[in-house]
Amino acid sequence: MNFLKSFPFFAFLYFGQYFVAVTHAATFDIVNKCTYTVWAAASPGGGRRLDSGQSWSINVNPGTVQARIWGRTNCNFDGSGRGNCETGDCNGMLECQGYGKAPNTLAEFALNQPNQDFVDISLVDGFNIPMEFSPTNGGCRNLRCTAPINEQCPAQLKTQGGCNNPCTVIKTNEYCCTNGPGSCGPTDLSRFFKERCPDAYSYPQDDPTSLFTCPSGTNYRVVFCP
């Protein structure tokens, strides 16, 4: 996936020259509070089936960038961990090795870049499950996207099990920002997402209102259907 369609990782490349002071991994507690099963996915981290009320914890090394956590819905996997999901599928694998297929609500992060973490919720790949992304030990902001987006999704963005971002459907620079920094701005369709989830990225260059920082060494909690 083009990095301009997701998280602004050019910032992380710039900071990568600095010494990484934090040496312990960050813990991410992933909790399913939905009334239905969610197949949690993490890159890096793999994947896990979470029935309602279940949780899963992963550790992510300092210095990790371009990382994300998301939920998959309506999945079927065989005993070897091969199968498919209606939303968020990652190459038909229970244990994800890459990113998921849109639409999927994303918790994105880069750790210790430098001495602070960059975090966001992104709808640049669309929306499938309500989400909260928060620190477990304080010190920074709780991010939430809990509006009934699937039910209110514009007709041209509706898809089975979720709501597509306009870039996924229309594929022009106006929505995808493929011509580089400053090449696009908010649109009526991106505003649909922003009005309902003001904390979240609604289009690829939505950085000023959507990218947040936490102190390095923070641990996190991602909740589906908070």
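Placement of Cβ uses the backbone N, Cα and C atoms for every residue, glycine included.
Checking C75, C90 against Swiss-Prot, the residue bonded to C85 by a disulphide is C75.
Checking the candidates C145, C153, C163, C167 against Swiss-Prot, the cysteine paired with C197 through a disulfide bond is C145. Geometry remark: C140 (disulfide bond) versus C197 (disulfide bond), CA distance 18 Å.
For C163 (disulfide bond), the Cβ neighbour count at a 10 Å cut-off comes to 24, with all displayed protein chains included. The Cα of C177 (disulfide bond) lies closest to that of C214, out of the disulfide-bonded residues C34, C75, C214, C225. Within 10 Å of the C-beta of C153 (disulfide bond) there are 19 other C-beta atoms, taking all protein chains into account. Closest in space to C184 (disulfide bond), of the disulfide-bonded residues given as C90, C176, C197, is C176, taking the CA atom of each residue.
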